[in-house]
Amino acid sequence: MFVIKRNGYKENVMFDKITSRIRKLCYGLNTDHIDPIKIAMKVIQGIYNGVTTVELDTLAAEIAATCTTQHPDYAILAARIAISNLHKETKKLFSEVMEDLFNYVNPKNGKHSPIISSITMDIVNKYKDKLNSVIIYERDFSYNYFGFKTLEKSYLLKINNKIVERPQHMLMRVAVGIHQWDIDSAIETYNLLSEKWFTHASPTLFNAGTTRHQMSSCFLLNMIDDSIEGIYDTLKRCALISKMAGGIGLSISNIRASGSYISGTNGISNGIIPMLRVYNNTARYIDQGGNKRPGVMAIYLEPWHSDIMAFLDLKKNTGNDEHRTRDLFIALWIPDLFMKRVKDDGEWSLMCPDECPGLDNVWGDEFERLYTLYERERRYKCIIKARVVWKAIIESQIETGTPFILYKDACNKKSNQQNLGTIKCSNLCTEIIQYADANEVAVCNLASVALNMFVIDGRFDFLKLKDVVKVIVRNLNKIIDINYYPIPEAEISNKRHRPIGIGVQGLADAFILLNYPFDSLEAQDLNKKIFETIYYGALEASCKLAEKEGPYDTYVGSYASNGILQYDLWNVVPSDLWNWEPLKDKIRTYGLRNSLLVAPMPTASTAQILGNNESVEPYTSNIYTRRVLSGEFQVVNPHLLRVLTERKLWNDEIKNRIMVDGGSIQNTNLPEDIKRVYKTIWEIPQKTIIKMAADRGAFIDQSQSMNIHIADPSYSKLTSMHFYGWSLGLKTGMYYLRTKPASAPIQFTLDKDKIKPQVVCDSEICTSCSG
């Protein structure tokens, strides 16, 4: 039996050679648990005549990955095999890879079709010796197997469908794409990215340095006008943004309701549902980022709109397809008055914006005055109990996980962009709160800090966190200036207001590394101090940039220009970790370069790349299933697996018990200290999660993607959570509602072959916000 080598030559299969290759990659791993011969034997079983060495490496990596539940070092070995394979298939020098990408010729038409931009190529040519010399390829081997596979699938650039970039090449491309001729800053950014201190958002990783360097994640639009022209002009904007890999939030509260008169045609409106069907089909038609993910939009509506009940049914699995838009996400922009009426079991008037104009343009007391005026003038379409609408909201959430909920008054009251006008919607992932109008499309550029990295020698390094945040602020400001904007209205907005969004990933990992239970007082205190540090560092860096380049155009009249920062709007006094008053004085003197700074986003894909838990979330399970080409296998929380292995507590019985219990360790006989630290989201009081969101909210000047997890949701449970979040002043009340399946098959045995652990969804619904 023979294999085909990379050079095309045939060679007889040699077991010892396969074993030797695997053994070479086991350096530094626990040899008591890692068995190269076992891996090699399984590889031999999968061999066929004419198999390539590339295919052998791929198989060996997958086999090693399937052994991860035996020892965490198998995951490292799997990644090393896969990355070593890539290194053998790609050029080493960064400059040569960039040349290949620039010199690409389309094989179908013979035309020069560069993948990277001419300016990127010019910079690389000028500084190639320096750039080539600072890249450290060993850092590629720090990715775990699934992080690397995520990069391989969507992030590393290809020529004729063959990957040509290594992870380090990608990171240097991103750094050079952002900083261009400022080569020292590019190298600083490269090192921080490759050491995993932070990551830029997916669109930045996809597109930095390329010919279409669209690096922004989020776009927020208002419907231009309640007319055919306005609706279709807005649709075109959405299509152009979606084409360039942007996630969209769209407010439609100004579109007239069904049954309303249309004076131009002397007809009757069909309302928002047929219009949204058109938007739904546009989202389906456009594949963002060259099939890296499908087009996605979140549609925002205020609950006084008389089409609200039909809107709440849009994503349901049953019902007439003519009244469904299952490819759009639905979201509510809820005024406080509605919550008060629900709380008091009051009546609620449903209105048409054509007959009751201006409700979407006002908030707070002004909204209440206008709304109650329209009620007194009997301009409403109908009156129903507020709780009827509320019940429909809860039912939709239990069935579909949506609508997302944001509180209009909190979003406007606590926004540093309040001086611009009324904010009417958020984005696709509910963490961006920015002003938009008919002439401006709000944009946000994102990055996320890997909090686990800052746990050094058993303590959290706040000073290092602040320093990294300051680099991120400088980077995101450069992105604003050099970005390719899909539409001019987005460029106008972004350069006037200069908002950015700094988020986090690995909060749960940081707590685990410090041995803090997620719901402990220590974790709750650290949660506040982390976000206080991020906000402080971001303000400090933005003020420094303003000193050099001037404040953003619309700074005058903002809260910050009057010495009011986010925590002041929450009536919170910061800790004594940082000295706030001198910073406020500096801001009064020089201003800020950015209107907004902090926005914890979901980090779905980038957290997987870096091997961290997502965003600010606790772990949802301690064991889950991954799907690969060779089949399915189980992955255990790596922190748990390591501690159990070190304490000689890991065995098949424990593994099977965790699988039977859906990823929980609470029913095992493990020590109590381990049980406390490794609680899943389902075992942590949801009100603690919401309280921690409010605690950090005082230092988040945008908002945060906050999911609500209720294993078995009911009207009363979900209502209680929503009203608790609203009462604490949250801007985002809920991103998704996450639930457990209604029933699970009865487990009659602990036989691992008969146990179905939680399957991780590999959907990339919100890659655009994965910072």
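Glycine residues also receive a Cβ, built from the backbone N, Cα and C atoms like all the rest.
ATP binds K5, R6, E11, N12, V13, M14, F15, D16, K17, T53, D57 as Swiss-Prot records it, and from the list K38, K42, K88 the residue named for this site is K88. DTTP binding, as stated in Swiss-Prot, involves D226, S227, I228, K243; the candidate among R212, R256 given for that site is R256. S217 is the only one of S194, S216, S217, S415 that Swiss-Prot places in the GDP site (with S202, N427, E431, T603, A604, S605, T606). The average pLDDT for the domain 'ATP-cone' (1-92) in the predicted structure is 86.
T603 (GDP binding site) is 10 Å away from C429 (active site, cysteine radical intermediate) when you measure Cα to Cα. Counting in whole angstrom, V13 (ATP binding site) lies 38 from S605 (GDP binding site) by their C-alpha atoms. Nearest by CA distance to N427 (active site, proton acceptor), out of the binding-site residues S202, S217, A604, T606, is S217. The recorded positions shown are K5, F15, K17, D57, E431; of these, the one with its CA atom nearest the CA of T603 (GDP binding site) is E431.
When Cα-Cα distances from T606 (GDP binding site) are compared across the binding-site residues E11, F15, K17, D57, the shortest belongs to D57. Rounded to a whole value, the Cα-Cα separation of K17 (ATP binding site) and S202 (GDP binding site) is 39 Å.
Around S202 (GDP binding site), taking its Cβ as the centre, 30 other Cβ atoms fall within 10 Å, counting all chains.
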